[in-house]
Amino acid sequence: MTRFRFSLATVLLSLLSGVVAQDVNATRCQADLTPAGAPPNNTKVLILGGGMAGVIAARTLHEQGIDDFVIVEAKHVLGGRMAKKTFGVNGSEYVIEKGANWIHGTQTGSGPANPVWLLAKKHNLSMVESNLFTDITFFDYNGPNNYSATFEASLAAFDNARVLAGQRWQENKTDLDLRSAYNYLGVAPKTPQEEACEYYQIDYVYAQDASQTSTLAAAWNYNYTFDPEAGGFSDVDMLSVDPRGIACIVQAEAATFLNTSQVLFSQIVKTIQYNQNGVTVQTTDGYNLTADHALVTFSAGVLQNTDVVFEPALPDWKREAISSIEMPVYTKIFLQFKEKFWFDTGIGLYADQQKGRYPVWESLDHPDLYPGSGIIFVTVTGDYANYLEQLNKNITQVQLEVMEVLRRMYPDAPDPIDIWLPIWGRAPLFRGSYSNWGASFVPEHSYNLSAPVNGHLWFAGEATSLKYFGFLHGAYLEGQNAANNIAACIKNPQRCPPTT
């Protein structure tokens, strides 16, 4: 949501003013956890994936007195979709985030606190509060155009749709997609400016458009994170400005309890075999790992593909749940220029005659972020994001298309000195950016997505969270919950789920 929302919206520089470039070799968070020898052949619990859900699950097992586990991670570092990259020309390099770097919601008074925010504070992550809905400069295809009143009306439209979702839920009425809800309320966008504002409120958050997004799921997702009156944390968004990268929070946390025998890096899971006695996991490098229980923390996109084979095939109710959730693509295109020439606000919103055409621009050359960096990035989702993934090998064409829009905003804009974009949809370890529930959403699908199979195969991740899908805190809480249930089962077999 702007989560990557995971908003997915981006990272940054040291807080030292006047610095020409970041120290891209800043202190690493992760201790050397790479095992020296082969992993144990048998363990109580295999945790498949070392992102937020996997690391928090491991910590929870440790807190429960269970240390007979192994994290199997495909990359060489922990963090999952939290991953940094050094970007920029020589002498002007900065650490940017490929994926998640926002913490959405903090705490209001003595109310519930976002556990990821608490984790970030514990490990001294440098963060800056963002004004995502007030610090905006507006443009359209003719150049600067202040349509802030239209933007405020769009915010009100989403609020009204959330109210409508609650009313329909209480009346046992069928869920609507947000496009249908807007039509019902008489607030569907009709102009490019209205479409851009809707994009910022919906597509930019959920990585899909209104016709592809459940009104009920979006309402719950928003309320339980941002609305304290509905049990949420707060409406505050914190942006990581830590040169160590936001993945530092899970890497540093892992270093407080993990030892070298509990992590197996650079191993891609190929096959998961399960029965009433336990689980066997095979990796592409030929490892055969057995355990009483396995916790699968792969993204919904990976589960939807054939990258990992389950033997036997997952039951129909589980496959239906996996197929029901969406795993859209949210892409940030980073550009660096010799010097800044754009807006002084944090955001530039561009309205094109074709909705979704390079609409949301975010400045990293900002006093609170990367002053003097010359970096700006633009976010696209949906069809444009998929199109850009196909174009990625032709970065010249990507630059031409992006600059065509930027020059509608600033006709004299020069060519960039560097450009880069990540690949999420085609990345075999992720198959998308983060999850979203579409118009066919029913809560039972979410319950089934998180439910264990055969008493030994468990699932966790942001996608399995009914309240917090797409958020880092969703992954955190799901990993914690699954590990507590596994621990309860290990300690008392009567608390285990059915094995049939």
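Glycine too: its Cβ is placed from the backbone N, Cα and C atoms.
Residues or ranges marked as FAD binding site in TrEMBL: GLU73, ALA74, VAL269. In the three-state DSSP classification, VAL269 (FAD binding site) falls within a strand. Sequence-distant neighbours of VAL269 (FAD binding site) (same chain, six or more apart, CB under 8 Å from its CB) are LEU48, VAL72, ALA74, VAL281, GLN282, THR283, THR284, PHE298, VAL308, listed in sequence order.
According to TrEMBL, the feature domain 'Amine oxidase' maps to 52-486.
As annotated by TrEMBL, signal peptide applies to 1-21.
Every protein chain considered, the tally of other Cβ atoms within 10 Å of the Cβ of GLU73 (FAD binding site) stands at 27.
Maximum C-alpha to C-alpha distance over the listed FAD-binding residues GLU73, ALA74, VAL269 is 9 Å.
Secondary structure from DSSP puts ALA74 (FAD binding site) in coil. Each residue in LEU48, GLY49, GLY50, VAL72, LYS75, SER266, GLN267, ILE268, THR283, LEU429 lies on the same chain as GLU73, ALA74, VAL269 and has a C-beta within 8 Å of the C-beta centroid of that FAD site, without being one of the site residues. Model confidence over the domain 'Amine oxidase' (52-486) stands at 96, taken as the mean pLDDT rounded to a whole number. Within 10 Å of the C-beta of ALA74 (FAD binding site) there are 21 other C-beta atoms, taking all protein chains into account.
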